[in-house]
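For reference, the structure discussed in these notes is given below.
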Amino acid sequence: MEFDAHDPPAYSDIHHHDPPHYHEPAMHCEPPPYCEHEDAPHHHNVPHYPEPIPHNVYEASPESSPQYVPEVPSRSVAAHKNGALCNARSRKISRISAALCVLIAAIIIIAVLSWHFGTATKCQASCGSSSNCVLVSQWCDGVKHCPNGEDESSCLRMYGPNFQLQAYSASKATWLPVCADNWGDSIGRTACQDIGYSSSSYIKSNAVTAPASDGYVRLNNYAGTGNIFASLNYSSTCSSGLVVSLKCIDCGLSTYGESRIVGGSSASIGDWPWQVNLQYDDTNLCGGSVIAANWIVTAAHCVQGDTSSPSLWKAFIGKIKMPSYYDSSAYSVDRIIVHPDYSSQTNSNDIALMKLKTSIAFSSISRPVCLPNYGMQWEEGQPCYISGWGTTSQKGSISSVLKYAMVPLISPTTCNQTIMYNGAITSSMICAGYPKGGVDSCQGDSGGPLVTKTNSLWWLVGDTSWGDGCANVYRPGVYGNMTVFLQWIYLQMQMYS
């Protein structure tokens with residue numbers, strides 16, 4: 001993590017600095033995503049995209065000239081009477097043949113369209129792991145129709161900062177709030193398991209005022225075991241006027257004090273209790289974030305190639321000073337799961353999950369950060385925090401203590417401007433930092449957290465992914481966009497828990 005030698009700018013200063021002159025040419029520099037370090041894994045260069053080929057958007061098509069067939073006056077010539085009759089018959093046959101061809105073509109087109117739309121109706125939802133398709137009405141109906149049960153794997157979700165529980169209604173083809181009628185903690189615990197959490201981490205179910213909705217999903221005749229979705233049915237009303245708020249894990253709590261000065265400060269114990277130090281074969285390489293007792297989020301580029309063996313990775317949680325690889329408090333890694341669409345060329349989908357062999361014992365110094373719920377949106381300029389043991393200057397040495405700093409979010413539109421990353425920011429990425437540089441993540445911070453505080457809880461906005469150097473002007477840090485990865489994360493937690 002790199003910081004200016006001087007005090008970093010206060011957050012309020014962000015709104016007063018002169019805007020960048022976008023007519024200025026972008027700097028030419030070709031370092032890897034973060035500064036090189038002898039112990040660091042190989043990273044990717046900033047992706048370069050070819051310049052667009054100039055062309056006329058509204059290219060004028062050549063004017064069509066009318067074609068005229070000269071009229072030849074018809075004359076009755078006795079000598080050619082029979083020939084004219086033959087020609088008339090030939091023309092009649094030609095017209096009949098043409099009509100038949102048009103009719104046959106129309107029949108073929110209708111048949112093809114009927115087959116296409118008939119198939120589309122039958123196959124409106126594709127099973128992710130196979131070519132199988134199921135009816136939309138079979139999606140989230142409580143019965144597994146896909147070979148690996150994908151049609152029943154993402155039917156419940158938490159929505160918004162208040163953890164409102166929603167269920168997918170196949171009959172209405174939309175997400176609806178779950179009515180609190182007939183709901184209880186035993187059912188809530190099962191719902192959390194269906195989402196992907198362990199039953200042991202369950203906190204509670206609350207009944208909160210129902211929002212305006214076109215309908216609800218209501219629990220009916222649940223036996224108390226198994227998938228609850230088969231007992232959830234659409235209802236136009238909710239008699240209690242209350243819906244379920246579901247807390248599956250005690251997340252997002254910290255002892256961090258808002259009054260502290262940010263921008264290169266050393267962390268105190270309990271400030272960032274989800275922070276993970278990841279070491280590979282006695283070398284500090286990356287960071288990570290605790291999201292559940294057995295699960296860590298990190299970057300895909302941290303665990304590729306020579307660093308892909310789970311047995312050589314060790315995870316440390318609740319540490320401020322850089323731990324020793326041989327420290328007995330280390331957690332061993334059981335499994336590494338890299339996002340299937342990760343690209344080392346564009347850095348898209350730069351996320352991986354680590355499953356630990358043993359569960360983390362949660363306390364005030366080691367606890368999970370909250371994954372963002374569906375529907376949560378981050379605004380440009382929103383203050384976020386980065387933390388890690390990465391280098392404190394470009395080509396510098398690894399920090400011996402955990403550092404943190406505040407960085408504001410930058411919109412994709414701004415970050416994709418020519419003077420910044422010139423179109424390299426995809427939907428799976430999010431930018432944070434200062435246009436004038438000075439505060440940034442750096443080598444060794446990869447995979448570590450980018451977090452923000454909303455509704456008194458800390459949420460994981462992203463995982464540290466890449467950048468052009470460290471803290472350079474117009475080169476903010478780039479992070480994996482966690483809201484894009486939610487469904488994938490929960491699916492892995494379901495499959496391997």
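Backbone N, Cα and C atoms are what each Cβ position is placed from, and that goes for glycine too.
According to TrEMBL, the feature transmembrane segment maps to 96-117.
Summarising the annotation, TrEMBL assigns disulfide bond to Cys140-Cys155. In the three-state DSSP scheme, Cys140 (disulfide bond) falls into the coil class.
For the domain 'Peptidase S1' (261-494), the model's average pLDDT works out to 93. TrEMBL lists 261-494 with the feature domain 'Peptidase S1'.
Secondary structure at Cys155 (disulfide bond), taken from DSSP and collapsed to helix, strand or coil, is coil.
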